[in-house]
Every structure is written in structure tokens, then in C-alpha cells.
């Protein structure tokens, strides 16, 4: 419903200098007049836009002052939601924020659902769906590069590309519809093949967008990087060295790490969701056993596995058991503790055990070899081909799947044209491709999908 007025706390709860209450809807200014008492400008609600007024939020029933505030007024359609919007900046503690929110709710507003402000911005035509989705990506960005990709999407770069693809598909559809409308005309073979070539050209454009979709997803969600190895091989020391802080407990006692430790770090703008696991071994300790099982589960989800070996002992039976678990993954082999002794591990033997692997000698304690490790991880992600300054990244799984489906229908249409199938069947594939592309920007999308997308947003956004 867009005929009611919504309100929510727009900043994180906790102690702070200020907190913001956001209100949007047809009655925002009317409710503001009830609960806000200006210090000077008594006619603050008049037609002027973009005002900030000093005053107090009060309980209109008792006249009690609730908080000293600044009130910002932004009239629709020149606001984020394209509706009348009021934002109240009050003191940032939990109590004043909640008391201000409660008095607004008692005077006619409804508590906003998660993402409802952004949803209204989309429904009112202020943003398209891809742009609206980028807002949550900006909020959740783990690196400067991830934020840059999201800002580009908010600015409409992806939408512009998708709209262009839709326009071209519509042009092809018009040509096919003309054939359907005039079946008595003999259509030259080269005309049909020409339309097929245009389909193939669009397919190549979509393939180009999809080529870096997995990389885009990594920038958005982080590269799931799991550190594995037998107990006491230096996994926790490696985590601490990469984070440049003592995040994990390090002792000489095997099995110190009994649970999974997860942190986010940035390597040249690439976010790593790095996970230190319990040492993989058979154990009777119940807590450690649970940690080992969780480690095995995480291995199945890993984008990259950092397999740590001990340079002082060579490859043990425990190491071979770990290798059996990771041999089908993308693995970096890290030979640790090279500062203590000469490396006793035969790299040729390792390569026989794991087909794809890069071997890097490190000392987690002395931070030797970490620069090479970081460079290798970065190159594995971007393959030396990508900068995020102006690139159009498909970082959202929903967008990726939509492009794949749209491309599949174009492939079917192209194949049908080459095989001279009836034009109305080709038309079905082209229409499907056009509609699926519209799902990305919201040109053709169901209400259920809209609700599902915005439910993932935070309240107040």
C-alpha cells in the first residue's frame, strides 16, 4: 500500500552522537506538524522544500518534550521515495530513538517493513530494480572495489546495458511479428539468417556480461577461503598473520582451534571471507569433533582452499587424509615453518597427489611469503584482466541467472531461424528473452519477486 505513511529508525541502534528517524508517505508532513515543535520557524511545513529546522519532538497529548532534534523536510517527488519525506535527527541513544518512533506511530504512521523505503522508490519510478538492489550492496560492501561496483550499478550502468539488450530483442521481435502478420509473403532465406545473426550478436553481448559474473559475485559476497591442515600445522598463525592481529589462539598443543573462526579481509580490493578450521583428525573430544565436522562442511562450499603443510615433518598420513578431501577443489599449498628448518617436503610428490595447485613457502610466524600468497590469490580471482573503475559487473546471482535464461531463449530462437521453424515459435523464445531481461530492471516482474527482494533489506532503508 502506497497510500499510508511509514516510519522506521534509519540508523543502527546503539550509543552515538545522532540517530535518524525516517518517515515517508502522504501524511508525513501532517504527522510532523503534530509531533514537532519548531524553535523559530512556526510555518516550517509550508511549500518550501529541503529545509532543516531546529526544535523539539513532543508528545502532543501532554506537551512533554521527548528530544531536541533537527527536522529535515523533502517533498515528493524530489525525495528518495518520490513521496513526502521527513527525517528527524535526534540523539543517538536507544531510548530517545524509540520514544520518538513511538510518538510518531501513535499519531498515524505505520512501522516500515524491511526495505520498504527502497521498495517505494522503485514502485514510484525513482529507481529501477537493479539500482534498488545495489543500495544493499553499498551498505554491505567489504572493500572499496565492491563499493565501487555497487555505486556504478546504482548510477544505472548495468540497467543501461540491460535496457539496450531489451530494446534490441524487441527489434528482432518486431521483425518476426511482421513475418507472422504477412504469411503470404515469401521471406528470403537471407532475411531469416540475418535475424539469426542478430540473435547471435546479442548472445555474445550477454556472454561478455556473464564472463566475469563469478568475479562480480566475489566482489559482492567475498571469496570463501578455507584454511585446512592437520592439527598444529600453523593454520591459526596464518590467519593472525593475514589479519595482522591475534584473532586466533596459538599454542603448541594440537587441537587448540575447536570451532570455526571466520573473518573478512581485503586483498587488493578483493574481499576474502577467510575461515580458520579445526584441525582435520580423528578425535574423541566432543567439542573438537563438532568443529572437525563443521570444517568438512565448509570445505564443500569453499572457493579456494589454503592447505597448510609443515616443512619440518614432510607429508604425513594425516596430510594425505586431508588431500583426499580437497583434491577436487581449487587449492593453494602453503609449506609453513620454513624459518625453522629446510623444507623437507617434495613438491613433485605433492603435485602427484593434487593436480591443480600452486606451492608457496611461507612462515606464518615471521610473515615470510605472505606477499606472494596475497598476489597469487588476487590473480586467481581476476586473472589480471579486470579493473573495477568503469567495468559493468554482474555481481548479483539473480541477475546472472536471468541473463543465462534470456541467452538460452536467444539460442533457441537463433537455432529455430536457421532450421526454418514456424515464425510464431521463434516469437515465443524472443518474447521470453525480452521478459526475462525485464526481470533485472523490474520492467517485467511479479509482485512476489519484488517482495522477496526487498525483504532482504534492513529496516529503515
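Every residue gets a Cβ built from N, Cα and C, even glycine.
The number of other Cβ atoms within 10 Å of the Cβ belonging to residue 461 ((6S)-5-formyl-5,6,7,8-tetrahydrofolate binding site), over all protein chains shown, comes to 21. Taken from Swiss-Prot, the feature (6S)-5-formyl-5,6,7,8-tetrahydrofolate binding site applies to 22, 87, 126, 461.
The feature domain 'TrmE-type G' is assigned by Swiss-Prot to 222-382.
The annotation K(+) binding site is assigned in Swiss-Prot to 232, 251, 253, 256. Classification of residue 232 (K(+) binding site) by DSSP places it in coil, neither helical nor stranded.
Residues annotated as GTP binding site in Swiss-Prot, with sequence analysis given as evidence: 232-237, 251-257, 276-279. Residue 232 (K(+) binding site): 19 other CB atoms within 10 A of its CB, across all protein chains.
Every protein chain shown contributes to the tally, and the Cβ of residue 236 (Mg(2+) binding site) ends up with 24 other Cβ atoms within 10 Å. The annotation Mg(2+) binding site is assigned in Swiss-Prot to 236, 257.
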Give the distance between the Cα atoms of residue 126 ((6S)-5-formyl-5,6,7,8-tetrahydrofolate binding site) and residue 232 (K(+) binding site), rounded to the nearest whole Å.
56
Among 22, 87, 126, 461, recorded (6S)-5-formyl-5,6,7,8-tetrahydrofolate binders, what is the largest CA to CA distance in Å?
18
Would you please pick out, from the binding-site residues 22, 126, 235, the one with the fewest other Cβ atoms within 10 Å of its Cβ?
126
Work out the three-state DSSP category of residue 22 ((6S)-5-formyl-5,6,7,8-tetrahydrofolate binding site).
strand
Candidates 22, 87, 461 (binding-site residues) - the one closest to residue 236 (Mg(2+) binding site) by CA:
461
